[in-house]
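Only one structure is covered here, and it is reproduced in the block below.
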Amino acid sequence: MKSTFLVVLELAFFLLPGRVLYAQKDSEDGGSHYSSDDCQVTPVIHVLQYPGCVPKPIPSFACIGRCASYIQVSGSKIWQMERSCMCCQESGEREASVSLFCPKAKNGEKKFRKVSTKAPLECMCRPCTGIEDANVIPQELTSFADEGTLTGYFQKSHYKSIE
């Protein structure tokens with residue numbers, strides 16, 4: 001059971017104007033802990049598909065994690081609410097070209113089709129905005145290391161500046 005002082009202190013913390021970076025949560029054992037941003041590049045398997053070609057799973061990366069978001073009463077206008085919505089997003093890209101086998105290719109057409117794909121280079125918490133749907137969808141998490149298997153597929157592309 002929380003003391004009245006702690007409840008008042010927590011309430012005052014959330015009503016202060018400005019950005020809340022950490023939110024306190026009660027754990028099952030009765031203690032408290034603070035959650036913070038946890039957004040990182042994570043190895044995944046992407047399945048590349050093209051009509052008439054055999055889908056091909058490849059090792060790739062995705063931005064996975066959580067970022068601090070909140071809504072609170074405005075410090076200057078108590079009848080208004082302040083919102084901060086942060087999302088785990090890419091801050092740079094990797095590019096790769098992969099060949100897909102296309103057994104249904106017509107005579108004169110190539111049996112292999114080169115498909116380009118992208119993956120995040122780095123991830124960070126940024127304001128949530130609409131992001132274009134990617135052509136590839138993470139299918140499952142993998143245990144690939146950052147070196148070795150994955151580095152053969154991807155090369156550094158360009159860096160997107162967020163300002």
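The backbone N, Cα and C atoms fix where each Cβ goes, glycine too.
Looking up Cys39 in Swiss-Prot gives a disulphide bond whose other cysteine, out of Cys88, Cys102, Cys128, is Cys88. Per Swiss-Prot, the disulphide partner of Cys128 among Cys67, Cys85, Cys102 is Cys85. Recorded disulfide link (Swiss-Prot): Cys102 to Cys53, out of the candidates Cys53, Cys63. Which of Cys67, Cys87 pairs with Cys125 is settled by Swiss-Prot: its disulfide partner is Cys67. Proximity of Cys123 (disulfide bond) to non-local residues of its own chain (separation of 6 or more, Cβ distance below 8 Å) is seen for Cys39, Gln40, Val41, Cys63, Ile64, Gly65, Cys88, Gln89, Glu90, Ser91, given in sequence order. When each of the disulfide-bonded residues Cys88, Cys125, Cys128 is scored by how many other Cβ atoms sit within 10 Å of its Cβ, Cys128 comes out lowest.
With the fewest other Cβ atoms inside 10 Å of its Cβ, the least crowded of the disulfide-bonded residues Cys53, Cys63, Cys67, Cys85, Cys102 in this structure is Cys85.
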